[in-house]
Amino acid sequence: MSAYIIETLIKILILVAVFSALGGFATYIERKVLAYFQRRLGPCYVGPFGLLQVAADGIKLFTKEDIIPQGANKFIFTLAPIIAMVSAFVSMAPIPFFPNFTLFGYEIKPLISDINIGFLFFLAVGAAGIYAPILAGLASNNKYSLIGSARATIQLLSFEVVSTLTILAPLMVVGSLSLVEINHYQSGGFLDWLVFKQPLAFVLFLIASYAELNRTPFDLLEHEAEIVAGYCTEYSGLKWGMFFLAEYAHLFAFSFVISIVFFGGFNAWGFIPGGIAILIKAGFFVFLSMWVRATYPHVRPDQLMDMCWKIMLPLALLNIVLTGIIILI
């Protein structure tokens, strides 16, 4: 077995382990953030400052009985959470999380695969995760799950179109689909960040990302007040945990991608080293998603579709046209 294969396997194991752990810890942070906004304490009883609440929740979750409803398609019911997990972690393959570094005289690239269509790969594999809620709802033999599945179809597919068109303008400026090249393009300093050259693209992509991640105010797929838990209604134990981990893995992936594409990535930020800089940026966008959840109410499905097709899509197309004209001039 070649050194490259061994290195890649080690990277995959580290990536899955780290982001699975971060997904669990993010629930603690989110509960604390929401509690602060609502003037509550949040988790505080299990361990110091409630830090062991994550472990307690994990033990409770993974020791629950795994129930498959009567009349459900067992194969597809089991396959759906696997698709969610696989798409979430595979989409991280082209993301450069840190600058290259040397370990025991060997240069380490902190990404799994530096492909020249990295951004396209990220969007395409992430979009494959759409099949998870669709299949889960169809296979569950539950009306609430089916409604969540229908909402997944219209919401995720619609915003996949918007996010893809939105990102075309920044890619036209850079001239590359590689996330590594996009990061290098902004290496000149603070003023080279694409957020200053493509502010509209940043805002549109951020909103579309929240819709694709099923985050509030766009969590129509599992809106508790309307459809119980949506496509997850019949899931319990390990399978439900896989959906939950996939959602947070997607959140971290999008936070890193937004940091790389619009905010200079892992380039040094003044006196702050690049590795620490990208952690600060990605952490901010994770916190921002929690802030939005605590602040904004849910939107109706018709409002969401109107915003997608009547506002965001025309703005994304207009941004592409204006960017093309500026480049030609």
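Keep in mind that glycine also has a Cβ here, set from the backbone N, Cα and C atoms.
Copied over from Swiss-Prot:
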type     : residues : note
TRANSMEM : 9-29     : transmembrane segment
TRANSMEM : 42-62    : transmembrane segment
TRANSMEM : 75-95    : transmembrane segment
TRANSMEM : 117-137  : transmembrane segment
TRANSMEM : 154-174  : transmembrane segment
TRANSMEM : 188-208  : transmembrane segment
TRANSMEM : 238-258  : transmembrane segment
TRANSMEM : 269-291  : transmembrane segment
TRANSMEM : 309-329  : transmembrane segment
Non-local residues, at least 6 beyond the ends, that sit with Cβ under 8 Å of the transmembrane segment (309-329): 158, 161-162, 165-166, 168-169, 172-173, 198, 200-201, 204, 207-208
Are there residues at least 6 beyond the ends of the transmembrane segment (42-62) whose Cβ is under 8 Å from a Cβ of it, and what are they? 24-25, 27-28, 31-32, 34-36, 237-238, 240-241
Close approaches to the transmembrane segment (75-95) from elsewhere in its chain (Cβ under 8 angstroms; 6 or more beyond its ends): 15-16, 19, 68-69, 111-115, 118-119, 121-122, 125-126, 128-129, 131-133, 135-136, 138-140, 178-179, 231, 234-235, 239-240, 242-243, 245-247, 249-250, 253, 256-257, 260
Per the Cβ under 8 Å criterion, with at least 6 residues separating them from its ends, the transmembrane segment (269-291) contacts 26, 29-30, 33-34, 37, 97-99, 101, 190, 210, 213, 215, 251-252, 254-256, 258-260, 263
When you scan the chain for residues with a C-beta under 8 Å from the transmembrane segment (9-29), skipping those not six or more beyond its ends, what do you find? 43, 50-51, 53-54, 57-58, 89, 92, 110-112, 244-245, 248-249, 251-252, 286-287, 290
